[in-house]
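Worksheet: the structure to be examined is printed underneath.
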């Protein structure tokens, strides 16, 4: 008998699939014919209706399984064997019949074979019309059934079948599975050319399928729960069998006869047949036994046995589907609310993890059984009288419907609430309450009608949340408060309530949850918030009476054992630290070593502390380990023990006497103190007073994970950030730990080197892996196995160390840190983008008077200081972090921990985990990061509560190779993510739509391919960051932006490539001001007046990148006033007219880049008068007028730090002595006309760097003169000069050997950085800081020798 998966062999047929697929189709239809042929051989098939009925009855008595095969598509093993034999014969007759063109031939051969078989039972039928005769017989038989078949009584109804197996629930479920499996075939086949195609719509067939599945669920539920006498269940199981068998007959009645195709039965007849079934034409299955009575009977049995029933999770038997079984028809108007509740129960059960439901299983069963009793009882009542009142119904049923509905309501609400809560992340951003409060105000204004009945509750909630804002501020600003754990727990509860409020309000607006449920839910939220506030106030009152000394007596001291083992690696570091300990300043000095966990800080410090050449220079040596939680007394006792020996009597002394005793012990002597594992500045404050400074070169070694602690403790020496191991050091450590004094076998060295490299240069990881290898056989196969499994093993073992650092993170930093798990391995992360994402995710808690971006930068610096994030690039001008990354160990931790916390799930393109496999664990995550489109499609049905969808791809070119089908697919599935706040598609593929239905969206980044943006984009009224990148980036086509964009008042960052606005003047005059907009790129202005209008509408702009095109000649020249907040301005020319038609005035501008313009000294001088705070000036592709000179007078750029000239046609730079008093960097790229760098640069004391790239020899010479003066005369040891020259050297030879020799000779010259060979044009391109005359001399010699 067919199971669910067996229907695959009946899938749609395609001519291109070949003969094999066509033979399968023939097999399906012909086997159906063969079934009836065998029946005719027994004399059972005739045109008489009663005879056919008897056939069905007899077949059922003989073999129920075989009867099922008569009505459905399944093929018995016997018939399959016959067909295989037939195929073997046919192949032997026609071996070449494997081609696609053989389809007609096979059809004809099989038909003739069938006709021959039929002729043996009907000799009077000729060979030509035999097949048509039997086809006609079957067709007429179907006609009689269609006209007269009333779904008659069967032997099962009279209990005449004694086979106990037919009454077993397993048999019933298997039979229903078979029918469902074969019905699925008909639904899926939609190719009219297929021989199995059923014409007409499939909606009713699908409804029949649903009814069968629900019946199967009910059977399963009853079999799991009911322990009543057997006869009760026998009646129910018999009924289930009969319903399924009737469906098999319905299927056969509308299945096409072979050869008739669509002409056998028109769609209307099919629809009527199915409608008859759906309208319950089966009125009874036995005289006096109502169909509903069967259900009522079995439900009553269930109700009486529920307390003793097996405690089996409801979802395992499909009970969430059971309440709606066959209830569409017969529900009275009064019961519509009940049906709505049961549907909500069903829909939410599938989102509820087992652990959250287990406690309520028996209550759930009871509620569902009660609901079923109500439903099936109403069937009978409706049939009797349509106008019965609710009182009449209550009296007829013997119970009170409103009272019976209340437990159902309570259970529905409980399941809905728990289903939502179970999917919330356990890590939250403190900024979520800020977002909710803003939205509550907006929602009440936009949807006042929908929310009218909740007005009072929403106002109370808003007031309560606002009153909690000061507490959330304390959580951020005082992360080490004594009540840290309590505060964080309360903060978590508050944010979870904010999530619930958002969900309930949205459900109310969209009519997704009934009003009674919403009101109950909001009242519960108000009550819970009140309890949270009371808890906070109570604990804070207690705290006011307590001392605020943090953690001094909370635990015993964790001592660090003395370590004398040989250290491997860090030889250069050790030597440097040794010099600092023995030499340097006469006063006390603190040698601070900081770095991420596992680098070996403690090992290194102990190595120095135990170095005899070091220790011998000090009078007293003592050490202590502070740890995260410490006892001040235990620290003092440990130090005294090392300094003067053990004395138990000291334990009785108070802390201040112990501290004074230790201070006096050190006072006259030179001491070396090791203070290990300091976590906070306060811990150092507690100890530093014990270490007197008497100018005798005493030293303190301090280790910490945090840069801020190391910097805080430093006195003279700068903190040492301990680097990671090099590859050579990694291998040496691994070899030492595994082999001791021996050497590694040559056979193992290659795999050993690979393992050492895979450890990520982290000493701790290397030691852990060495421990694994030490316990294994020294065989290549064993080591290869370790190498193959290294990623998971090493990271799992080292997780405890990272976990400790994570555990002590302040509450507000945990979500920021875990969010790194969304990024790809070994990728540099743009900090501006990261901060915008953090803000959009509500990780950043607002603070009055401070920008969210500034606060977020502080969060990042905190993570960097804790060595959890590595800086890869800082800005030259202000030192801000521009790019960062995570070590792989930390990144893996973020991914794993984020998944555990239900916070973020990263799904790779080849990941086997699908939402269906975790439907009862973590059905939804707050954030999903995908690497493939297929992943998103699989998860789209599980994304209703997902807050972020981020695409990451390992192929940087993927976005440009994506097909439009992806864009179409994602446009259909994105509405499923209704609570989406971040959608980052930038690195995946381009789209041709804007998802304007995502009302909560705050961050949208994508690549687009169209020429315009729809005006409906303003529907995204929560949008704060909009980044659209043009896939036509090579063409610089202008994008038309709708006027409605300027109505999006929450926008903070708007980045659209080269856009212009419809009817700019009218728009900008009438639109609102965008007070929150801080960065804008790249508007395209045709007129200066339009730019002025735009600037007036964006009064708080901080960064602007725009293109200017002036259509007037001569241009109207005046001062353009930019916002006083503007700090970065980049102007690009976008037409042939090169003059900037305005003078730039921006009093707080720090960064200015001009590209493509024609400038002169006067313009730059007048502009400089308005830019007194300018720190960075970049001129790119600029033409200078006035004899190609730029004259800069005194005090024109008083704050300028960086001056960069690229492709500037400037011959002479005339600079006054005090023109650039604070300049730090001068960069000249491809300024080929420039004659020299002015000599006044020699006297700029702040100058640190000059870079000359592809400029004249005179410029290089003047740069060297400046270097000489700066270094030798001014003692500016920090000055650096970089010379990059490019020389093009032609050659005539085509001899590759000679070219190679010349290449090697040139590369050996001093200062050569790289050489490129262009064989087609026969030239060398030489780059480096080389002596051009020397290069030419060498080239001349090569030519003379015939080598070039």
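Cβ coordinates come from backbone N, Cα and C, glycine included.
Quick look at what Swiss-Prot lists:
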type	residues	note
COILED	446-469	coiled coil
COILED	561-583	coiled coil
REPEAT	1123-1147	repeat 'LRR 3'
REPEAT	1197-1219	repeat 'LRR 6'
REPEAT	1220-1244	repeat 'LRR 7'
REPEAT	1309-1332	repeat 'LRR 8'
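Helix first, then strand, then coil: DSSP counts for the repeat 'LRR 6' (1197-1219) stand at 0 helix, 10 strand, 13 coil.
Remark: secondary structure over the repeat 'LRR 7' (1220-1244) totals 5 helix, 5 strand, 15 coil, with classes taken from DSSP. Averaged over the repeat 'LRR 6' (1197-1219), the predicted model has a pLDDT of 93. Tertiary proximity for the coiled coil (446-469) is limited to same-chain residues at least six positions away from its ends with a CB under 8 Å from its CB atoms, namely 433, 436-437, 440, 494, 498, 501, 505, 508-509, 511, 515, 518-519, 522-523, 525-526, 529-530, 532-533, 536, 1021.
Secondary structure counts, DSSP: the repeat 'LRR 3' (1123-1147) has 0 helix, 10 strand, 15 coil.
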